[in-house]
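Asks: Here it is: the structure, laid out below.
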Amino acid sequence: MSGLPRSIAVSRISASSSRPYAKCRVPCCPASCAKNPDAPMFAEQDLHWMRHALELARTVLHTTSPNPRVGCVIVRDGLILGEGATQPPGGPHAEIRALQDAAARGLSVAGATFYVTLEPCSHFGRTPPCVDAVLAAAPGRVVVAMGDPNPQVNGAGLARLRAQGVPVTTGVCLPEALALNAGFAARMSRGTPWLWAKMAASLDGRSALHNGMSQWITGPAARADGHAWRARADVVLTGMGTVQKDDPRLTVRDVAVPRQPRKAVVDGRLQIAESARLFDGEEVWVFTAHEDAVKAERLRRRNARVIVLPGPEPGRVDLAAMLRWMARQHVNEVHVEAGAGLTGALLSAGCVDEILAYIAPVLLGDAYGMVKLPMLSDLAEARRFKFIDAQPIGGDVRLRGRFADRWQALLSAANPR
């Protein structure tokens with residue numbers, strides 16, 4: 001059974017709402033169809049219950065990887081019969097948890113509507129196909145937010161439902177559902193994780209003083225928020241410049257989480273010291289362009305795995321190959337906290353999907369910039385993001401921006417068929 005308060009679990013919505021149809025307004029995803037004049041219209045009750053299913057999915061933000069975060073709620077006549085969210089790998093998926101919840105309440109779900117944030121799976125993995133369990137429950141209707149871009153599913157679950165005569169509605173709150181599972185969708189559809197680069201800077205775009213001092217430009221609330229973003233990622237990635245300058249642990253603090261993300265460092269010349277603090281804890285991935293079996297063995301004794309991926313330039317890691325390698329290790333999301341050099345290199349290599357920038361109300365003058373990129377001769381060459389969110393965090397402001405074409409490609413991949 002979910003951990004939501006019972007007062008929520010028994011909420012009712014009238015089938016005769018005064019606003020029976022509306023666009024999907026997604027409060028936490030400003031780039032959603034809420035601002036799209038061509039967005040589809042959905043029944044208010046479908047939006048209501050899908051948002052409830054999305055809240056269930058958010059309760060497992062840190063525990064489902066490499067599987068997607070999914071929520072399911074089963075409703076009849078405006079009342080919840082069962083609800084649930086996907087459990088850690090090997091455990092039941094959201095639909096099964098919702099059916100178990102209904103059984104624990106002693107309720108039949110025959111003829112009820114299933115609201116699920118991801119297309120029910122149709123293949124055998126660690127668990128049997130969820131679509132079989134849904135069909136066995138004799139649903140009256142199934143409402144799905146996003147399709148499953150896993151090639152083993154990719155519309156097959158929806159096709160099974162329709163083939164058995166079950167009415168299916170798709171695309172309800174699709175952008176919000178995708179925002180929860182952009183990493184899973186990216187790994188399945190393009191073979192790389194979803195990567196966001198976290199930055200902290202002054203109003204004049206400086207990330208450190210001329211002498212390298214940067215602790216702290218932003219306030220404690222912004223730093224705590226940054227840890228929340230670390231916590232949801234599978235991998236926290238940094239570069240050698242940051243390791244040499246700050247000797248970070250790269251752990252999640254400030255946020256209670258059931259597991260720490262994996263730590264990784266880009267070290268083109270394999271210069272990292274064996275005494276670096278980030279080696280404390282679980283295995284660390286060290287990506288390098290330099291083969292040194294002796295150094296690699298010493299690092300292995302410090303919980304490091306050295307991965308050699310030379311790029312076209314001497315001493316440079318092939319960053320695109322690094323992300324493909326991560327995807328093969330079932331990594332969905334990568335959080336980058338690095339200096340201007342690695343952040344700029346990732347941008348230049350086309351590896352960045354999203355920017356997470358914390359801007360402090362301070363001017364630092366002639367100092368280090370937040371990202372290092374080649375000089376441009378024309379504004380048409382500029383890399384342009386689309387702002388999707390701007391939030392005050394303590395005394396600072398958090399800005400989020402995405403490359404619109406990369407997001408649109410994911411929307412297309414996740415659009416239910």
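Each Cβ is built from the backbone N, Cα and C atoms, and glycine gets one as well.
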Asks: From Trp216, Trp285, Trp407, grab the residue that TrEMBL records in the same NADP(+) site as Ala200, Thr242, Asp246, Gly339, Ala340, Gly341, Leu342, Thr343, Gly344, Ala345.
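Replies: NADP(+) site check in TrEMBL: besides Ala200, Thr242, Asp246, Gly339, Ala340, Gly341, Leu342, Thr343, Gly344, Ala345, the record includes Trp216 out of Trp216, Trp285, Trp407.
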Asks: Kindly point out which candidate in His62, His93 is recorded by TrEMBL as part of the Zn(2+) site with Cys121, Cys130.
Replies: His93
Asks: Measure the Cβ-based neighbour count of Ala200 (NADP(+) binding site), defined as the other Cβ atoms within 10 Å of its Cβ.
Replies: 23
Asks: Check the Cα distances from Thr242 (NADP(+) binding site) to each of the recorded positions Glu95, Arg230, Arg253, Glu337 and keep only the ones within 10 Å.
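Replies: Checking each Cα against Thr242 (NADP(+) binding site), the hits are Glu337.
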Asks: Compute the average pLDDT of the predicted model within the domain 'CMP/dCMP-type deaminase' (44-161).
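Replies: Here the predicted model's pLDDT, averaged over the domain 'CMP/dCMP-type deaminase' (44-161), is 93.
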Asks: Using C-alpha atoms only, work out the spacing between Glu337 (substrate binding site) and Ala345 (NADP(+) binding site) and round it to an integer in Å.
Replies: 13
Asks: Among all the protein chains here, how many other CB atoms are within 10 A of the CB of Gly341 (NADP(+) binding site)?
Replies: 15
Asks: Compile a sequence-ordered list of residues in the same chain as Ala345 (NADP(+) binding site), six or more apart from it, whose Cβ lies below 8 A from its Cβ; state 'none' when nothing qualifies.
Replies: Arg316, Leu319, Lys372
